[in-house]
Amino acid sequence: MALLLTTVIALTCLGGFASPGPVPPSTALRELIEELVNITQNQKAPLCNGSMVWSINLTAGVYCAALESLINVSGCSAIEKTQRMLSGFCPHKVSAGQFSSLHVRDTKIEVAQFVKDLLLHLKKLFREGRFN
């Protein structure tokens with residue numbers, strides 16, 4: 001019985017070494033890009049019923065700004081995973097109705113165009129090795 005208990009304790013301790021650690025930023029960005037590719041390729045009907053979002057400045061704080069725009073789209077299951085993934089990149093909590101200075105407040109675009117623009121920008125960041 002003592003041997004069995006010792007074995008269980010040893011396996012439990014060693015299990016911690018095999019447990020997954022944090023996802024590297026390059027992997028997380030690649031997964032986000034893959035998700036955006038899936039969204040743009042599988043588009044049969046207007047994405048999110050043609051909902052409009054604020055255009056964003058893609059040169060700084062792109063993840064939080066993108067999340068702030070997309071968080072205001074409700075009832076669109078196609079972008080829910082993207083919203084969750086973007087929240088992993090954003091260091092602060094983003095809630096609906098929140099606006100940052102990174103929005104171009106005079107310009108609204110369709111979610112589909114927003115996703116395409118974001119995808120192109122994230123691919124560029126990935127090629128340049130800028131993961132954060």
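Please read every residue number as a count from 1 along the shown chain.
From the backbone N, Cα and C atoms, a Cβ is placed for every residue, glycine too.
The recorded disulfide partner of Cys64, taken from Swiss-Prot and restricted to Cys48, Cys90, is Cys90.
Reported as a whole number, the C-alpha separation between Asn38 (N-linked glycosylation site) and Cys48 (disulfide bond) equals 14 Å.
The Cα of Cys76 (disulfide bond) lies closest to that of Asn49, out of the recorded positions Asn49, Asn57, Cys64.
Nearest to Cys64 (disulfide bond) in space, judged by Cα atoms and limited to the recorded positions Cys48, Asn49, Asn57, Asn72, is Asn57.
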